[in-house]
Every structure is written in C-alpha cells, then in structure tokens.
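*Asks:* Pasting a structure here, questions to come.
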Amino acid sequence: MAAKLIAFDEEARRGLERGMNQLADAVKVTLGPKGRNVVLEKKWGAPTITNDGVSIAKEIELEDPYEKIGAELVKEVAKKTDDVAGDGTTTATVLAQALVREGLRNVAAGANPIGLKRGIDAAVARISEELANLSKEVETKEQIASTASISAGDPQIGEYIAEAMDKVGKEGVITVEEGQTFGLELELAEGMRFDKGYISPYFATDLERMETVLEDPYILIANQKISNNNEFLPVIEKVLQAGRPLVVIAEDVEGTALQTLVVNKIRGTFKSVAIKAPGFGDRRKAMLQDIAILTGGQVITEEVGLKLENTELDMLGRARKVVVTKDETTIVDGAGDASAIAGRVNEIRAEIERTDSDYDREKLQERLARLAGGVAVIKAGAATEVELKERKHRIEDAVRNAKAAVEEGILPGGGVALLQASIAAFEKLELEGDEAIGASIVRRAVEEPLKQIAINAGYEGGVVVEKVKSLEPGIGLNAATGEYTDLFKDGVIDPTKVTRSALQNAASIAGLFLTTEAVIAEKPEKPAANNAGGDMGGMDF
C-alpha cells in the first residue's frame with residue numbers, strides 16, 4: 001500500500017482552501033453576460049474555448065495532494081448543481097469559495113466549526129424559503145426563451161428551446177444533434193423515439209436519406225426471436241390481405257423470417273421493416289409494453305400464452321407513420337387509447353418515486369418522456385468542430401435550465417435574487433453566538449455572485465451591491481446594458497431551482513471544509529531513477 005501524507009487542523013484546511021481558490025478563480029471569470037472565456041488545452045486535437053463552469057472545473061488537476069482534494073470537493077459542487085439544474089455551476093463555485101473563505105477566517109479566530117455550520121445551515125434554509133416566496137411561475141413562452149437564452153448566451157437558442165417545449169410539453173424529449181448546415185433547425189416528432197434502427201438496409205424506402213417511412217402500418221411487437229417462417233407467415237398473410245405495411249419490433253429477426261421480409265420488400269409485393277427491440281432483460285419487456293400501449297397493440301410473448309402463429313390483426317399496434325433509420329425509430333401518432341397511456345404514465349411516475357437507484361430513475365424518466373410528451377430535435381451547426389461541440393453543450397445546458405424554470409418557477413437574475421432574499425430572511429432569523437456568526441458568513445457570501453457579475457462587466461462590485469440593497473425586490477443591475485431595471489421585464493431571469501441548488505450545494509461543501517480536522521492524501525511518488533548510464537561507452541544498438 002502506498003504511503004500517505006497526513007495534515008491536521010489549520011494546515012489541513014488551508015491546503016484544501018488553496019486548491020479550492022485555484023479552481024474557483026479560474027471558473028468565476030466566466031460569470032454573467034460579460035463573463036470572459038477560458039481556453040482548455042486538449043491532449044489531442046484543437047483546444048476548447050468555453051465559458052461553462054463545469055467544463056472548466058473538470059479540466060483542473062493540481063499537483064499538491066491537499067490542493068487536489070480541495071479542488072475535487074468544489075468540482076463536486078459544480079457537477080451536482082449542473083446535474084440537477086443544468087446551470088448555476090459558476091454561481092455555486094463562487095458561493096462555496098466565499099463561504100469557505102469567511103468560515104476559515106472565523107475558525108482561525110477561535111469560532112467553533114460545528115456552531116458555524118449550524119448557523120450556515122439555518123441561514124441557507126431561511127433564504128431558500130424566501131427564494132420560493134420571490135419566485136414566479138413561468139407563464140409565457142417568452143419567459144422560457146429568456147431563461148434558456150441567458151443560460152446559452154444566445155437569444156436564438158432560447159427561442160428554439162421555447163418553441164420545442166411548447167410543442168412537446170415539459171416532460172417531452174428535447175434532444176440536441178449535430179446539424180449538417182450552419183445555424184439551428186428544429187424538428188418535431190409527436191410520438192416515441194428509441195435508439196434502434198432497421199436490421200437490414202434493404203428495408204430503406206428513401207434511398208437518398210437511407211430511411212424507411214411507412215404510412216399507417218400494423219406493428220407486431222414480440223418479446224422473442226423470430227427466425228422460423230412457419231410461425232411468421234400466418235401474420236404476414238393477414239397483414240398482406242389488409243393491404244397495409246408491417247413494422248416488426250422483436251428481440252431479433254433472422255433466418256428465413258428476415259429473408260421473407262427482405263425479398264418481398266425488394267420485389268415490391270409487401271412493404272415492411274424489422275427492428276430490434278430497445279433495451280435488455282426486464283427493461284426491454286417494460287419498453288415493449290410501453291410501445292404496445294402507445295400503439296394499441298399487445299406484446300406477443302409465450303409468457304402470457306400468446307403464440308406468434310396465432311396472432312390476429314387486433315393484437316397488432318397501429319400508428320399514423322413510422323420512420324426508421326439505421327440508428328433510431330420514431331413512431332408518430334400511435335393509435336393507443338388515451339386513458340391507457342395516461343394510466344401507464346402514472347404507473348411509471350410511481351416507480352420513479354419508489355426507486356433508490358439514480359440509474360433506474362434516469363431510465364424511467366426516459367420512458368416517461370417517450371410516453372408523456374413528443375420528441376423535439378434541435379440540430380446545431382457551426383463553422384468548426386470546436387465551435388460545434390461548445391455550442392451543442394450550451395444548448396443541452398439551456399434545455400435543462402428551461403425545464404428547471406418550468407418545474408420550480410423563475411427569479412430575478414444577475415445575482416439579485418440571492419441578495420434580496422437574504423435581506424428578508426435575516427429579518428426573521430434569531431441566532432446567538434457562533435451560530436449567529438455562521439449566519440453572517442452566509443449574509444456576506446450571497447453578495448459575491450452579484451459582485452463578480454459586476455466586476456466581469458467592468459463595474460465596481462461593492463458599489464453595485466450597496467445600490468441593489470437599497471432597491472425594491474426584483475430591481476437590479478442588468479450587466480448587459482449597465483442599467484438598473486426591473487429584471488423580470490428585461491428578461492434577466494434565473495430558474496429558482498438553479499439558484500436554490502447552487503446555494504444549498506455550496507453550503508453543504510463549505511460545512512465539510514469547516515469541520516475538517518485532518519486530511520489524508522496519497523504521497524506523490526518520486527520519479528523512478530534512470531538506471532541507464534549517461535555514457536554508454538560507445539556501444540551500438
């Protein structure tokens with residue numbers, strides 16, 4: 001086992017703080033509408049230029065073992081805030097830095113870290129309540145567009161996201177893909193999309209786009225492999241007599257069954273497409289059942305006594321259109337009963353509430369989105385690959401940001417909500433001793449995001465903070481224009497969830513810093529001595 005380094009008390013905490021400061025100082029220059037960019041060197045390929053806090057944080061690796069741990073703890077704040085809300089990473093980092101700086105100063109002066117932590121937690125809880133009181137529900141498409149525009153730093157992206165959410169609903173899927181042209185495109189699929197394409201390219205009906213488009217098809221949904229023609233032909237004959245195309249979604253289609261479909265497609269006698277079922281094991285069963293409910297069909301499986309050769313037309317699903325590419329399938333306007341779909345949606349929601357696994361929750365949410373909403377695809381194009389990656393990442397963040405706004409409402413942006421919520425919160429907060437000192441640490445820390453936004457925009461941070469304290473709630477500095485205005489009217493807004501998550505996650509990590517009494521780190525290994533002699537005595541190799 002490798003040797004360890006151990007540091008105690010002040011030495012331990014200061015080591016962590018140095019690491020945190022290096023990371024936070026690199027990240028906080030990006031805050032606000034006038035935030036600067038940071039260039040990230042890559043081992044391979046061109047460097048990346050970004051102003052996304054979490055991307056910058058991920059790149060920072062420090063040499064000193066204690067500093068490295070400090071930086072990693074703050075990375076966790078940024079990552080957690082990004083995962084939950086899609087934005088607010090830089091705000092969370094700035095808050096964490098301010099809380100730790102003020103907290104460690106008080107610990108060094110003799111304050112009890114546990115008392116400080118209790119005070120910090122009490123103040124954060126009160127401010128979170130005040131944020132909820134200040135919050136307004138998202139009522140218009142324009143508000144969604146404003147929120148997403150601020151996150152992405154581009155009004156056009158905001159408009160496209162608002163349009164997409166308007167079409168697919170708050171639980172609908174909005175995906176971001178790389179487009180083939182400059183600018184943005186929005187495609188809508190009012191149905192279900194999953195990541196499995198046709199088994200054979202011979203099924204393509206549009207050879208230019210290499211996709212299969214079938215209008216008003218029957219859909220055979222089978223939780224089994226289909227390889228034997230004897231059991232499969234009765235189904236094909238019934239569909240052929242009905243004069244409709246056939247979509248087969250099964251564990252696999254192979255052998256003579258696949259040959260029959262391909263040969264008839266090439267001859268033009270019968271349009272069809274075979275698709276492998278999405279997922280594995282129990283998840284595949286559940287997804288096939290989702291497809292069956294959406295299309296009004298049944299899952300053909302011997303587990304429930306349904307055999308392929310006995311399948312009738314009324315057991316097959318229906319849809320207005322099915323589009324299949326080599327990678328994905330989109331079912332548009334399934335013929336399923338609305339009440340059955342609603343029942344299935346409620347069932348999945350209940351499962352989401354019950355599960356403890358993050359992975360299961362994510363997969364259940366994907367299933368919920370496929371059933372409850374449609375699918376919107378935003379295609380982004382750019383001049384260079386570096387620009388394209390950065391733009392795609394910004395759009396993905398902005399989508400999560402817009403969904404957070406719909407979920408919990410919106411607040412005045414620009415760091416103003418935290419400051420104004422804290423003024424109201426501290427009027428009602430009665431603490432004593434070290435707890436009161438802990439609360440005062442939070443009071444000073446919540447000024448930092450506004451201060452940093454002002455500094456990045458070229459203003460004097462302290463002056464701006466004092467000015468905003470004297471203004472009515474909702475009035476603050478619009479750093480893009482340099483004017484003090486009604487931020488809701490100007491569209492300078494942040495999702496409540498983003499601001500709340502940033503504060504709570506920052507306070508959580510600050511508490512860990514303050515109550516740390518020892519740090520145990522890996523001892524850096526010395527580089528191995530070079531055994532080869534400097535002079536090889538004229539030897540040839």
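Cβ coordinates are placed from backbone N, Cα and C, and glycine is handled just like the others.
Straight out of Swiss-Prot:
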BINDING   THR30, LEU31, GLY32, PRO33, ASP87, GLY88, THR89, THR90, THR91, GLY414, ASN478, ALA479, ALA480, ASP494  ATP binding site
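How buried are these features, and what lies next to them?
*Replies:* Taking all protein chains in view, 32 other C-beta atoms sit within 10 angstroms of the C-beta of ASP87 (ATP binding site).
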*Asks:* Record lists THR30, LEU31, GLY32, PRO33, ASP87, GLY88, THR89, THR90, THR91, GLY414, ASN478, ALA479, ALA480, ASP494 as binding ATP; longest Cα-Cα distance in Å?
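*Replies:* It comes out at 20 Å between the most distant Cα atoms.
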*Asks:* Tell me which of the binding-site residues THR30, THR91, ASN478 sits in the most Cβ-dense spot, judged by other Cβ atoms within 10 Å.
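*Replies:* It comes out as THR91.
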